[in-house]
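Under the heading disulfide bond, Swiss-Prot lists CYS33-CYS64, CYS43-CYS54. Annotation source Swiss-Prot lists domain 'CHCH' at 30-72. Annotation source Swiss-Prot lists motif 'Cx9C motif 1' at 33-43, citing sequence analysis. Look at Swiss-Prot and you will find 54-64 tagged as motif 'Cx9C motif 2', backed by sequence analysis.
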Amino acid sequence: MDADKVKEEPQSVWEKAKPMFTNKPASGYYDPCQDFADRSIKCMRRNGNDKTMCSDYFQAYRDCKKEWTTQRKNKS
């Protein structure tokens, strides 16, 4: 995957996940950034747990989480 694409995705991921998150049952948990978490884990496995090789994936996950929490705070 192209590193630039990984960095640009968090906001679009939130927009795609927003309906699923807002329509979930009250007892349900939905993380729109789970895809980024999965990609990070796959990268770590692929690179023998070398964190330096996966820094773009980690940053994309952090950016997604930050965007998500900001959106939720603004909504409240």
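Glycine too: its Cβ is placed from the backbone N, Cα and C atoms.
In this view, CYS54 (disulfide bond) is surrounded by 21 other Cβ atoms within 10 Å of its Cβ, with every protein chain counted. In the three-state DSSP assignment, the secondary structure recorded for CYS33 (disulfide bond) is coil.
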